[in-house]
Amino acid sequence: MLLHIPAIFTAEEVSRIRAALEQAEWADGKATAGYQSAKAKHNLQLPQDHPLAREIGEAMLQRLWNHPLFMSAALPLKVFPPLFNCYTGGGSFDFHIDNAVRDIHGGRERVRTDLSSTLFFSDPEDYDGGELVIQDTYGLQQVKLPAGDLVLYPGTSLHKVNPVTRGARYASFFWTQSLVREDSQRTLLFEMDQSIQRLTRDVPDHPSLIRLTGTYHNLLRRWSEL
């Protein structure tokens, strides 16, 4: 499942965040890449322990934890702290698949990368190129969203970032370990939950809603891992 979640941050908030990112000291993005990915990665990245990365990352997660669409789709158990990158001057990241497991907190905890997310902090007209290209069951999907919007997609996806030939593309990316590791099961639960929400709005007293809601929770109980 590939899902576009709009307006995590307002235009005013994005403007302040981008201004702060533009003033930050960036490092070579290869520092956080795996052995194979490092050969394909050509971008800049904020150090993981940078105060600005922690500040914006905490604000992002607070928003997402209160966002019904993200919670319904991701069913998050744990999240790898958001990272921040900048593509400019031809920067790119060739096709790769993200590492299956990431260490956090100095290796004391691990996150399985069931889902990948990218939150854009540059508007499409601010740069040329820079499309996030994701290969899914329907072929190659090119993603270039308005600033403040997020795309959520399976961590198993082959993906790349096209070269940025003008301007700069600022974004955050992170991984989520879901309660439900299998993408097809998460997709089924998401579609059920969205249908239940629409039925609750349109026909709130329909007797089948109780049974349908119960079926959703029984499936979640069967498939979830804690």
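Here the Cβ of each residue, glycine as well, is placed from N, Cα and C on the backbone.
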Per Swiss-Prot, His96, Asp98 bind Fe cation; matching candidate in His4, His42, His159, His206: His159
Residue counts (helix, strand, coil, in that order) that DSSP gives for the domain 'Fe2OG dioxygenase' (78-178): 6 helix, 64 strand, 31 coil
Average pLDDT across the domain 'Fe2OG dioxygenase' (78-178), rounded to a whole number: 96
